[in-house]
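Peer 1: Here Swiss-Prot flags 3-23, 51-71, 74-94, 116-136, 140-160, 164-178 as transmembrane segment.
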Amino acid sequence: MQILLATVAAYLIGSVSFAVVVSAAMGLADPRSYGSKNPGATNVLRSGNKKAAILTLVGDAFKGWLAVWLVKRFGIGGEIGVALAAIAVFLGHLHPVFFRFQGGKGVATAAGVLLAVHPVLGLATALTWLIVAFFFRYSSLAALVAAVFAPIFDVFLFGTHDNPVAWAVLAMSVLLIWRHRSNISKLLAGEESRIGQKKKTGV
């Protein structure tokens, strides 16, 4: 019962869309109405408000970290509990019950989850994102590369035997890549927006 309640709680935590909440609180347009229409930090940055983008990034990462940390802190379900909380909070961000299941792509939330699973895992994945983003200026490309490497880092650090968290990390990576399928098409066509590119007037 504890595992079930923790999993549901993690999903509800993940369902808090900071892109929408922060934008509304700061009097900005709903991020689902412009740019990529994705309620995430990168799209909020297209509004031109860096503070809102940073708050969105921190909030989305924090909720991922919090959901997993709470399960670890109170020892709910061991590794299985951690794995379920990780998947649940991630799915909450992708399909938030509070926002008609119209969620983001999960990059920041996944980063928070990985930091809670193990700081080295989270930092290694975040560093991968930063390196790719710095050199290529595409948030989506950085996310895709980081998603590919996250399970590899996890296996390298912890192995695969009796490790449900490794499967959770792999599942998040697959889901994140799937959520970026339109970005993959745009990258291949040379039409993807770069980091910091503002929304077009009238969009």
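Placement of Cβ uses the backbone N, Cα and C atoms for every residue, glycine included.
Where in this structure would I find these features, and how exposed are they?
Peer 2: Tertiary proximity for the transmembrane segment (3-23) is limited to same-chain residues at least six positions away from its ends with a CB under 8 Å from its CB atoms, namely 29-32, 39-41, 43-44, 47, 52, 55-56, 58-60, 63-64, 66-68, 70-71, 76-77, 80-81, 84-86, 88-99, 103-104, 109.
Within its own chain, the transmembrane segment (74-94) has Cβ neighbours under 8 Å at 2-3, 6-8, 10-17, 60, 63-64, 67-68, 103-106, 109-110, 113, 117, 162-165, 167-169, 171-172, 175, 179, counting only residues six or more beyond its boundaries.
Beyond the transmembrane segment (116-136), the same-chain residues lying 6 or more positions past its ends with a Cβ under 8 Å from any Cβ of the stretch are 64-69, 72, 82, 86, 107, 142-143, 145-146, 149-150, 153-154, 157-158, 165, 169, 195.
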Peer 1: For the transmembrane segment (164-178), find every same-chain residue at least 6 residues outside the stretch whose CB is under 8 Å from a CB in it, and list them.
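Peer 2: Residues 79-80, 82-84, 86-87, 90-91, 94, 105-107, 110, 113-114, 117, 121, 143-144, 147-148, 150-151, 154-155, 158.
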Peer 1: Within the same chain, where does the transmembrane segment (51-71) have neighbours whose Cβ lies under 8 angstroms from its own Cβ atoms, ignoring anything closer than 6 residues to its ends? I mean 6 or more beyond.
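Peer 2: Hits for the transmembrane segment (51-71): 6, 9-10, 13-14, 16, 18-19, 21-23, 26, 28, 40-42, 44-45, 77, 81-82, 84-86, 88-90, 93, 104, 108-113, 115-117.
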